[in-house]
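Taken from Swiss-Prot, the feature active site, nucleophile covers Cys157, and the record attributes it to sequence analysis. The NAD(+) binding site feature in Swiss-Prot is assigned to Arg16, Ile17, Asp38, Arg85, Asn321; the stated evidence is similarity to another entry. As annotated by Swiss-Prot, D-glyceraldehyde 3-phosphate binding site applies to Ser156, Cys157, Thr158, Thr187, Thr216, Gly217, Arg239. Residues or ranges marked as site 'Activates thiol group during catalysis' by Swiss-Prot on the basis of similarity to another entry: His184.
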Amino acid sequence: MGSTGKIKIGINGFGRIGRLVARVALQRDDIELVAVNDPFISTESLTSLFKYDSVHGQWKKHEVKVKDEKTLLFGEKHVAVFGCRNPEEIPWGEVGAEYVVESTGVFTDKDKAAAHLKGGAKKVVISAPSKDAPMFVVGVNEHEYKSDLTIVSNASCTTNCLAPLAKVINDRFGIVEGLMTTVHSITATQKTVDGPSNKDWRGGRAAGFNIIPSSTGAAKAVGKVLPVLNGKLTGMCFRVPTQDVSVVDLTVKLEKSATYGEIKAAIKEESEGKLKGILGYTEDDVVSTDFIGDSRSSIFDAKAGIALNDNFVKLVSWYDNEWGYSSRVIDLIVHMDSTA
């Protein structure tokens, strides 16, 4: 924590998640954004992309302007701008950035992300799943974080939606096995028109014109943050032509018999208790755009789910895959700092 009493953070990669993490940070009193790094866009372009957002609207909290090529002004607040390609070259230490949000989508394993430490950062939070960095989902397993960990992953937006819901169901009723489908909005890696995609040919098709089946490791990743569910969940994804907000369909076989009403009551109770602000509950007749800007990880849609019988049920939960996830990145940093 800096001399201001705020946690000083830097952001590497000013894409969708990087910019929204910045927006979340700039609205909080306990976080100070001190630097951003992106070698692929100018400071002027970076400013425009931050200020105007097709999904989340114009930034109105304070004026954003370019002071010079290496400095942004958010109101009176100076934020350093770097353009380094390699993480080890970014001078985080010079600006006092203790925590770095690694949101390029490139440096997602421990060794690559650890390069930020050479520039003076103390901790790195990867805003993506990682094959070898410990993964934390706030509301599920963040209590397992130990202060000697320097590189961690905030998992994926879908895992952040699925894990709190799966935890409640497993804690209350037990999960024998389950399948997840996420109906997921467009992301930056998709194509605007049909084009080549070496590993995933379907993924190369036009994002705004197709429903695209895709793979996801989000359900299996729940087994990493909740080991009791390891091997019990898997899933797939449909990419659909919406700009933001996604929805998880979790179909599970229960150990203990429970009516759908009992399941709803359990989720509602947790959403108002230990998981308040993480897991939501609604009985309204909602659609996807109703959740744009919702900071919760997972909002259970009580009317959308259905039970076949007392041991086999389909549960539906919404999430703003951009804003909700970015909010958890900051929450994880705050938790890490509190255990330092």
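Using the three backbone atoms N, Cα and C, a Cβ is placed for every residue, glycine included.
Comparing Cα positions, Arg16 (NAD(+) binding site) lies closest to Thr187 out of the recorded positions Cys157, Thr158, Thr187, Thr216, Gly217. Proximity note: of the listed binding-site residues (Thr216, Gly217, Arg239), none has a CA within 10 Å of the CA of Asn321 (NAD(+) binding site). Annotation for the recorded positions Arg16, Arg85, His184, Arg239: lowest Cβ count within 10 Å of the residue's own Cβ, Arg85.
Within its own chain, Ile17 (NAD(+) binding site) has Ser103, Ser127, Glu322, Tyr325, Ser326, Val329 as residues 6 or more apart in sequence whose C-beta sits under 8 angstroms from its own.
The binding residues for NAD(+) are recorded as Arg16, Ile17, Asp38, Arg85, Asn321; their greatest pairwise CA distance is 27 Å.
Between the CA atoms of Arg239 (D-glyceraldehyde 3-phosphate binding site) and Arg85 (NAD(+) binding site) there is a gap of 30 Å. In the three-state DSSP assignment, the secondary structure recorded for Ser156 (D-glyceraldehyde 3-phosphate binding site) is coil.
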